[in-house]
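Over in TrEMBL, the protein carries these features:
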| type | residues | note |
| --- | --- | --- |
| BINDING | B:S26, B:G27, B:G28, B:L29, B:D30, B:S31 | ATP binding site |
| DOMAIN | B:359-431 | domain 'Lysidine-tRNA(Ile) synthetase C-terminal' |
2 protein chains.
Amino acid sequence: MVQKFKEHVAAAMPFLNGKKLLLACSGGLDSVVLAHLCKALKFDFALAHCNFSLRGTESDGDEDFVRELASTFEIDVYVKQFDTEQYAEEQRLSVQMAARELRYKWFDELLQSKRYDYVLTAHHADDSLETFLINLSRGTGIEGLSGIPQVNGNVVRPLLPFSRNEIIEYAKSESIQWREDSSNASVKYLRNKIRHEIVPGIKELNPTFLQNFQHTQHHLRQINDLVNNHLNELKSKLFQQRKDKVQIKIAELQKLQPLDAYLYGLFNGYGFSEWSDVKDLLAAESGKQVFSKTHRLIKDRQSLILAKIERKESEAFEIHSDKAIDELPIKISLEDVETFEKQGQNVVFLDKEKLNFPLVLRNWKKGDYFYPFGMKGKKKLSKFFKDEKMDLISKEKQWLLCSGDDIVWIVGRRADERFKVDGSTMKILKITQFP
Amino acid sequence: MVQKFKEHVAAAMPFLNGKKLLLACSGGLDSVVLAHLCKALKFDFALAHCNFSLRGTESDGDEDFVRELASTFEIDVYVKQFDTEQYAEEQRLSVQMAARELRYKWFDELLQSKRYDYVLTAHHADDSLETFLINLSRGTGIEGLSGIPQVNGNVVRPLLPFSRNEIIEYAKSESIQWREDSSNASVKYLRNKIRHEIVPGIKELNPTFLQNFQHTQHHLRQINDLVNNHLNELKSKLFQQRKDKVQIKIAELQKLQPLDAYLYGLFNGYGFSEWSDVKDLLAAESGKQVFSKTHRLIKDRQSLILAKIERKESEAFEIHSDKAIDELPIKISLEDVETFEKQGQNVVFLDKEKLNFPLVLRNWKKGDYFYPFGMKGKKKLSKFFKDEKMDLISKEKQWLLCSGDDIVWIVGRRADERFKVDGSTMKILKITQFP
């Protein structure tokens, strides 16, 4: 068995010889067998272990195990702890996707800083089949069925042609120890069901099922390459660069059949996901927009305009109580008054003595919070914007009137509790926003 | 349940109303339910039943059942018997593929001659899933995973979104009778294994598995459309029409990545299947050819030439013993001799009195046979050619020397036993072929 593995790697990945390799090692069966294989091949390799801190002491046990393995092999080991859940929340990713991003980001850093040539991961044929079936059960496209290639840039997967059983055999024949992996429970449930209840039957359909499956995935990846070539040709024809924007003639898009698939193919790289909105845009009135996290598509007469959403440096304007305020980006007036009426959307009454002049008018920034008028306690602006169902552009356009660091008024939307007029107020300032 | 089916057809296939429909009816559960559904929808339809003669009396029982059904419904029924096994052998197809070809060919004839608008078939969601898994087990490309669309030209599949269980429920709720289908045993084995052992588990992975699966197949078909658009654009750029041939610059082909996938995509429509041969052709010496059943690809200096294989009408030349034979397409001499030597590849000795003049020199035609020299009994020429490993072009170029209908000599290869010189021979004719 060991011989078979060695021969495959020697034949399929001769370029690994003499290179500096970084082996992603969880401590589980697959990556530990891969480590032993690299040792048997006399490769120049180190271990890299991600501690995602998702399973408490169990995670730490895995880390110890990998450190121990490296020490036995007398090779380097890199370990990094991640706060996966926080990152997932911040980036609005699933925990799995977050772990994946963190992992590959760190590997890239290590490749660069420590001058490694390749990252080796221990994916095998059953992983591919299980992922295929998971994606199939959820509904997927060609990418979800195509699987991962054995060599993808500087990421290499030496075990990809081998089945889990072959890897277990390898481990047994060499009396290799490993850590039982108990990752994300819900994923594990689905994967385990597939592994134990579906895959054995499927493999029985054909004695060479796993090989055939690999050929199928290879074909699908090639088909995907063809599609990408096609879409890139199409983009270079249809996407006309205009300074920092791209203009696309709608009439040209309309010629494409099947339109849905083309719209998806042309724009999914820009983060769009609401396909019916994108499609509707073709027939919408001029000025209508659709947003992704990073881009916007604007209907502009006979064209669509694709533009990056600029996260421009926030501008800030000072407002002196006694100065003309013509140069402001919005039209507001400040007025000392004797009495106050009810706050309105475009009018606020403030306790002037609680304010520090000059006031500042600025856009929102991450971490902003305020004390909503009429409520107890503070609220993050991001939460407020979400509750108000504001889109990205509206959020960026939103002006905040501030006293020092404190938000006084979310202009045109909500005043702050801290600056309200109360029984002890001596001077009332009325601020009005004009359309 | 009936209502659900009716609503789907009404909503998804409004174009069927008022049209003349031909329902492909095997007598099995699916097509019988479809017949009842058409009846419930008050469609104008007839039944078409193929008797593939593959299961003896059982096939005939199915036929009777379908005739009976049509008579109950008071609608027309068309029945045709096919000799599937013979057709499969003739066309070198699997029995399944042969049945499929025969069936759709006949439907097309009926559509034309009887002026029907659409053929309805009873494929359902489980059929698609089973076919997907069968193809997956064997290894496949995107076509093998994409499934069939609900409407494809004039073939419509009203039951495609429904599961087998829903169809059974329909049958039960209406007390519908059907014939149990026992088709091709080996296929049935695989399909049954998939149906009973794999599919139930797979469906449990996700409560909406079948719907998701249909979306996946829809995406794959769209991707396939994109690929075909891409390949057609490429063909119109690279394939230069030269009278009855197509010229393709090899340098242009070499630019394509992934090359394998492009060669497959560009040439598989012309029947080629030996992809390594096609690929090797790019670097082969000028004059080298690769053949499919219908086409040949010729390396011609910096280009590939794609040409149809012409099955030209066989030419025939008469050979009179006493006449100059300069006008023949090959160079042969006839000579009366006293003694005979051993037959050679290019020399034969014949009993002149057994021959009928003028002899005829012609190409081979289907059904040709001869009595190989030195052997007992006759042999089909097709068999002889195959044993000689002759390619299509060589077969077409092969000249046969004939006496009346009888083959005397497969020129340059093998003489016929019937015309050999023996003890009673009075006149010996020596025929020599010159290069």
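Placement of Cβ uses the backbone N, Cα and C atoms for every residue, glycine included.
TrEMBL annotations: computationally assigned, not manually curated.
Source: prediction; values computed, not measured.
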Nonlocal residues around B:G28 (ATP binding site), in sequence order (Cβ under 8 Å, 6 or more apart): B:A122, B:W178, B:R179, B:E180, B:D181
Lowest local Cβ density among B:S26, B:S31, which the record lists as binding-site residues, within 10 Å: B:S26
Neighbour tally for B:D30 (ATP binding site), based on other Cβ positions within 10 Å of its Cβ: 23
Mean of pLDDT values spanning the domain 'Lysidine-tRNA(Ile) synthetase C-terminal' (B:359-431): 88
Binding-site residues compared (B:G27, B:L29) - the one with the fewest other Cβ atoms within 10 Å: B:L29
Beyond the site residues B:S26, B:G27, B:G28, B:L29, B:D30, B:S31: chain residues whose C-beta lies within 8 Å of the centroid, for ATP: B:C25, B:V32, B:V33, B:A122, B:W178, B:R179, B:D181
DSSP three-state assignment for B:D30 (ATP binding site): helix
Residues of the domain 'Lysidine-tRNA(Ile) synthetase C-terminal' (B:359-431) by DSSP state, where helix covers H, G and I: 16 helix, 28 strand, 29 coil
